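So that you can see what the record holds, here are the features copied from Swiss-Prot:
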ACT_SITE  108  active site
BINDING   25, 26, 27, 28, 48, 53, 83, 84, 85, 86, 134  NADP(+) binding site
BINDING   191, 227, 231  Mg(2+) 2 binding site
BINDING   191, 195  Mg(2+) 1 binding site
BINDING   252  substrate binding site
DOMAIN    2-182  domain 'KARI N-terminal Rossmann'
DOMAIN    183-328  domain 'KARI C-terminal knotted'
């Protein structure tokens, strides 16, 4: 069973009197920085001078520095810029300025796990990965709750790396909900596999294929949209709130029977085997290598695929249907 930490298992004392540099002030960086400050901790921001993040952080009342200067001032460095920007920023601005004994925190294990970033031996390297977007991290904190998180230690120079990681988790509100101990490898691989075969790739293609089948059979695109996309949220909300079995108890008997008998024929063992192959590419590092090379070329294939997704017929129909639902 997974080890789960709660509020009582963590102490902010590990961070009291220390300077925390949040590198990046996007949605996740802003949420975590504000939560840490509201928890009574000393937070500064590292950003590009004159950029949108720089100005946003100043408006929120933070002291803002160039990344290298912020790192040099910090006892704790939180790497909250996008994954693919991190290696360059690390080499040029973070690594040369790290203090001996500093704690370096990541919100995702990608760069450490796939060796795109190699930390020096004289720092702690930890991960606190909220399992929700920055907006939820902030809103739940303000409501007196928290978003669950994963926590991991990659390098324990101080002998107290886990204590520091749990303190960060507490500072952003995650221990209110619960923090699960994991490893950088497990977090990275399960995150990528989940995105590819279920959350982004799987759901997206399931919805699109269902829409295509209904339209090809002569049904109105607008009706098809509601059946395969709009109502997907209602089902996912039930699953999120009650679990799969609870969802089944929340739909009609007709939906139960149809789903339980036809679902396994559509998502069958052949699909499961394809999922295994996709997961194996993640675990071997093949996907990471492909994505890094694509990014370094300027991501031409990604742009092409995004354009294709934008031009799928479900998008035009969806734009009109969302006007009905939410207004122009």
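Glycine residues also receive a Cβ, built from the backbone N, Cα and C atoms like all the rest.
Remember, predicted model here, so these are calculated numbers, not experimental data.
Under the DSSP three-state reduction, the residue listed as 'substrate binding site' is assigned to coil, being neither helix nor strand.
Cβ neighbour count for residue 134 (NADP(+) binding site) (all protein chains, 10 Å cutoff from its Cβ): 20. Cα proximity to residue 134 (NADP(+) binding site) (within 10 Å) is found for none of the binding-site residues 191, 195, 227, 231.
The two recorded residues residue 48 (NADP(+) binding site) and residue 252 (substrate binding site) have their Cα atoms spaced 54 Å from each other. Nearest Cα neighbour of residue 108 (active site) among the listed binding-site residues (191, 227, 231): 191. By the criterion of other Cβ atoms within 10 Å of the residue's own Cβ, the least surrounded of the recorded positions 48, 108 is 48. Mean model confidence of the domain 'KARI C-terminal knotted' (183-328) amounts to 97 (pLDDT, 0 to 100 scale).
A distance of 48 Å separates the Cα atom of residue 85 (NADP(+) binding site) from that of residue 252 (substrate binding site). Nearest neighbour of residue 227 (Mg(2+) 2 binding site) by Cα distance, taken over the binding-site residues 25, 83, 195, 252: 252. Nearest in space to residue 252 (substrate binding site), taking C-alpha to C-alpha distance over the binding-site residues 25, 27, 83, 195, is 195. The shortest Cα-Cα distance from residue 195 (Mg(2+) 1 binding site) to any of the binding-site residues (27, 83, 231) is found for 83. Of all the binding-site residues listed here (25, 27, 83), 83 has the Cα closest to the Cα of residue 191 (Mg(2+) 2 binding site). The Cβ of residue 231 (Mg(2+) 2 binding site) lies under 8 Å from the Cβ of no residue that is in the same chain and 6 or more residues away along the sequence.
In the three-state DSSP reading, residue 108 (active site) counts as coil.
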